[in-house]
6 protein chains.
Amino acid sequence: MRPSGRAPDEMRVITIEPNFTRHAEGSVLIGFGDTKVLVTASIEEKVPPFLRGKGEGWVTAEYGMLPRATHTRGSREAAKGKQSGRTQEIQRLIGRSLRAITDLKALGERQIVIDCDVIQADGGTRTASISGAWVALRMAVDKLMADGKLTADPIRQKVAAISCGIYNGTPVLDLDYPEDSNAEADANFVLTGDGKLAEVQATAEGATFDEEELLRLLRLARIGCSQIFAAQDKATGR
Amino acid sequence: MRPSGRAPDEMRVITIEPNFTRHAEGSVLIGFGDTKVLVTASIEEKVPPFLRGKGEGWVTAEYGMLPRATHTRGSREAAKGKQSGRTQEIQRLIGRSLRAITDLKALGERQIVIDCDVIQADGGTRTASISGAWVALRMAVDKLMADGKLTADPIRQKVAAISCGIYNGTPVLDLDYPEDSNAEADANFVLTGDGKLAEVQATAEGATFDEEELLRLLRLARIGCSQIFAAQDKATGR
Amino acid sequence: MRPSGRAPDEMRVITIEPNFTRHAEGSVLIGFGDTKVLVTASIEEKVPPFLRGKGEGWVTAEYGMLPRATHTRGSREAAKGKQSGRTQEIQRLIGRSLRAITDLKALGERQIVIDCDVIQADGGTRTASISGAWVALRMAVDKLMADGKLTADPIRQKVAAISCGIYNGTPVLDLDYPEDSNAEADANFVLTGDGKLAEVQATAEGATFDEEELLRLLRLARIGCSQIFAAQDKATGR
Amino acid sequence: MRPSGRAPDEMRVITIEPNFTRHAEGSVLIGFGDTKVLVTASIEEKVPPFLRGKGEGWVTAEYGMLPRATHTRGSREAAKGKQSGRTQEIQRLIGRSLRAITDLKALGERQIVIDCDVIQADGGTRTASISGAWVALRMAVDKLMADGKLTADPIRQKVAAISCGIYNGTPVLDLDYPEDSNAEADANFVLTGDGKLAEVQATAEGATFDEEELLRLLRLARIGCSQIFAAQDKATGR
Amino acid sequence: MRPSGRAPDEMRVITIEPNFTRHAEGSVLIGFGDTKVLVTASIEEKVPPFLRGKGEGWVTAEYGMLPRATHTRGSREAAKGKQSGRTQEIQRLIGRSLRAITDLKALGERQIVIDCDVIQADGGTRTASISGAWVALRMAVDKLMADGKLTADPIRQKVAAISCGIYNGTPVLDLDYPEDSNAEADANFVLTGDGKLAEVQATAEGATFDEEELLRLLRLARIGCSQIFAAQDKATGR
Amino acid sequence: MRPSGRAPDEMRVITIEPNFTRHAEGSVLIGFGDTKVLVTASIEEKVPPFLRGKGEGWVTAEYGMLPRATHTRGSREAAKGKQSGRTQEIQRLIGRSLRAITDLKALGERQIVIDCDVIQADGGTRTASISGAWVALRMAVDKLMADGKLTADPIRQKVAAISCGIYNGTPVLDLDYPEDSNAEADANFVLTGDGKLAEVQATAEGATFDEEELLRLLRLARIGCSQIFAAQDKATGR
């Protein structure tokens, strides 16, 4: 029995509120149950040094957690003067996931910076971030196309992410915090709209796992992502 | 004529949404027009080193601005590895303003940490932060009292803050971003519920100002704060 | 009764020793009683990035306190690897105060950097810094004019600063350390030679204050600044 | 055809030189072809703060790359003043992989710190690090047992890691640098001696991948790890 | 011919002004010609962690250069967030030099912190710092003895330092800035009152040097230090 | 009697293994007994900002100690976020020593960066670093000459370094760790192939020393360096 009473293959309620803030070219508040992440996409007409003059664009991401997004207050990374290893790992994952479905040449020599700030945390903040980031990116690219700055669409696929894990011996979908902190193994899958994989990260926490379990987690992830894709479609009116 | 069409002594719409997040002991989303700040109050049963064993409590604050809260994206302080001088100045001001109306002895040997994170910025983020922080602090103290951890109320007064400035030669109340960036002088006033001053910060931007102008700005601030006090009362159900 | 035996409206002895060091374009050791600050003005024929190519100059300031300027040794900020919030707040205030009386266009595309280093502290280090900084700035600008690099004088006014506070219920002028650490409220006023205000910072420490008290503090500040202006005139031979 | 001429399921030569340095409780120079990593295990009779007094041990890892381990010199992280996100990601992975096969309770209240320093890099530094770290850990634990400080062996399994990837459309084992920098997808697998998985990290680089490809990569990883396990046995004389 | 017209074995004027500031237990402004260093000694009734409970004391030093002590303004180390290698090298040298003549056991479990802040630089700041530091240390120890906290004098010898160098082929004493920046070799000698050496640091700048030259520089250093010892005696009234 | 049983003027075994790693233009593993340092020389076709456009080259060095090079594990400087004062002092010394024998004009507008990483420490790491660095530099320059990028040899001399000290009252050559940590005085000498001095650093540790002792240490250093020069010749095949 899951703490939340959900079935093993049952997602939490997915909410996607576009245009949550007004300045960013793309902005969305995404919720996976009580996990709430504010994601913005900012267009910058410049690229990082290593890409200058190559006629190619870049998509990158930064991630942060508000100090009291969690049950007990964590320290503010800006005050500590450094981002934790966990933060850096997550923001690198978000960036890679979006670049996996973006044609950087078609984007032209500009950069889209995704900011994922966790307002409230209850497990799955990185997967909610990726899933919301796709919507924000979509909105920013739509704006570039509407403004005539792009003619071809550089976004090749949808992308979404979900966590799964083995909890009390049972593979379950979309771990919330009580599950996440007690799972024997957990995995994050980043899937694309055509059923391909962009990223798999599976980790033994208390017990190692076998190939069959990995595949069962992947099957759950496919169920979850299909629901996220639907929510993304609805949010972007497609 | 103000860019927003407001009268010189007209505030923007004040919105206070309590319990915006669920983990913090106090939590509020405060809006002064398009400026939106998420404020949380976290109770910690410990005090900073300089107060240990003195039977006295502490109230402190941290402030941050999400990178794309602004018109163009600013850099993330956690990624840069340091908080700007402006950020530190603001968080020190918020902390002082709250301590000015708190009986730290009555609070007992515990700390309340206020986090003010600007979701969207349109001028006046520090004054919205202080005004919202009082509500979050009130909620956290109410919780301590409901839990029987405090018998006497350590909050002596309400406190609110508002910016005023001289814009195109006219003193105006509650500067928004277009006014703030062009004002000849601007001032932040922190007032208490009994009409006293906790803090005055007035600064010449393009032109110095005189005593009479300072007093006219203070009069506007009194108008603004009376409306904020009313909104605080409504939000806390008093 | 003040600890020093001074009357409520009595300043400490003001000393201004020009040319205290020899390399800087302007250099002064200013004393407000036992508070001693070494201030230098350095001319740099370049401007910060945000001003490049705009034909406009800049005046900025840095502030530091020698570790043993105080009663007990404080830690060295260079060794700790960061400037405190207090330091940053003060150096921002010094810079703003000087820019308030400088015509930056008339200064041309160059920068004057003011360094204020507290040799000995006994309260009022930021106001002594501002008051001394004006003399160092004046000397540096005089040098630019003597060298034919400037024809029009970019300094529009004198500027001086003084602290006042409510000590034992009485408004007093020019707080020394014993007063500063026990005042109910304290305020720093930055005034210009024509009687205008460049900056007002008033803070409740142990008790909030009212409008009438603010005005009494301002009246004391006018008395103090008139004496500082006289000392500045004498030091610059005007 | 692979640049090295290897067959798709062919590992590079694995070399493990125990006792490469003399001070550490465990020390090994591991080579996967031209990739050379010096791994040491240091026993510390203390645990991190979060474990104090819980009667449980800890295994953690740090990772570094000598500046000229690579084709062109990279900057020294100690001189830059921070570890890159990549470095932190790798050292977190190494630590998790070792903890996955260690009974931390049986280790007792002490810590084993693994240092992985890349002397020469040619792809696969993180998997060589994990594979070598197991040997160093084994040596350090053997020392604890020989010294009578441990009676039961806290190491439950062997652990090894290998990278695989899709290169020119073909799944290949043990990517070297020319392959790694051009692979369409790459994956790192951490396997235990009993055939279980401790960690899977698969990433789309130029193209997304499907479930079948993931499984083929895993099958290659099993081939590679069986050879690493043999080399570990030989190095530890088991 | 030296730029200053001095003879090869001629020191600049040595000035030592004790009690330059009032809070420190020892304080001195030392001048070697235009080089001026403010040195303070602060007594702290605690020792660094590695000495706790050993009944032994410590003498340590910190060094800083005011940004405009030099001909052109240097950046402020506190603002840059780190001390340069040169700064750290110098402060380590000062500390070692003082510990070389102090009986740390006789000092008891307390620390004396020396702060050397260069007000004006014209070559030789580190040697002036050491020479002045001895006076400040002497004053602080005298205070401990006068207060009855020490019965035996922990200072075993005087210590002084001077730079020498080979300038235009000629060994010269007490390099000023124009010489220092053009010397073929320079050396800093730290000598004790009984003619022993505490530290020798000789460096080839443009040309290597030979043993005979090293000895000639040392002979010059003896001449210089005897004059510094005399000035120290005069300053401390011995 | 020395702990190692060596005679006072007896060096430890010197080993120099060229081409220890394959990417660097020069690479050597140098051993002074149990002290082992990996030194690489990297050619960069650019110079530091202060030399740009001057037609002159630069030689610089960085130094690091692997955390478990020592008897007990030290903290990793990259993880702490800063290099210690000792590290900076050593890397500055290595750079100066190499520049003392290099004709920077003849090197042309390029930089050679020396990395010295201590694999195992047993005293004398800085002198082994300098001695090995010369070989790595020689190899890199030979490569530049072989590639036709240099016609004249910019290396004017060999350079080597050795530590000496007074241990139990006796001057001894090439201190190992047990001697180094108990010596009354220690000195590092950097000598050139023609018998000149590039650097002398002599420090009193427990007792000051006199001129005669300094000269005896220098005589020992000459013995040691002649053996290092021979080993350098052998390693470079000259």
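Every residue gets a Cβ built from N, Cα and C, even glycine.
The average per-residue pLDDT of the prediction over the domain 'Exoribonuclease phosphorolytic' (C:10-140) is 97, rounded to a whole number. The feature domain 'Exoribonuclease phosphorolytic' is assigned by TrEMBL to C:10-140 (among others).
As annotated by TrEMBL, phosphate binding site applies to C:Arg86, C:Gly124, C:Thr125, C:Arg126. If you draw a 10 Å sphere around the CB of C:Gly124 (phosphate binding site), it holds 28 other CB atoms from the protein chains shown. Under DSSP, C:Gly124 (phosphate binding site) is assigned to coil, being neither helix nor strand in the three-state scheme.
Per TrEMBL, the feature domain 'Exoribonuclease phosphorolytic' maps to C:159-222 (among others).
Counting every protein chain shown, the Cβ of C:Arg86 (phosphate binding site) has 14 other Cβ atoms within 10 Å. Taking the Cβ of C:Arg126 (phosphate binding site) as centre and 10 Å as the limit, one finds 24 other Cβ atoms among all the protein chains shown. Sorting the domain 'Exoribonuclease phosphorolytic' (C:10-140) by DSSP state (H, G, I as helix; E, B as strand; all else coil) yields 45 helix, 41 strand, 45 coil.
Under 8 Å, Cβ to Cβ, and six or more positions away along its own chain, C:Thr125 (phosphate binding site) finds C:Thr35, C:Val37, C:Met65, C:Ile90, C:Cys116, C:Val118. Assigned with DSSP, the residues of the domain 'Exoribonuclease phosphorolytic' (C:159-222) fall into helix, strand and coil as follows: 16 helix, 30 strand, 18 coil.
Each of C:Tyr63, C:Ile90, C:Val118, C:Ala121, C:Gly123, C:Thr127, C:Ala128, C:Ser129 belongs to the same chain as C:Arg86, C:Gly124, C:Thr125, C:Arg126, is absent from that list, and has a C-beta within 8 angstroms of the C-beta centroid marking the phosphate site.
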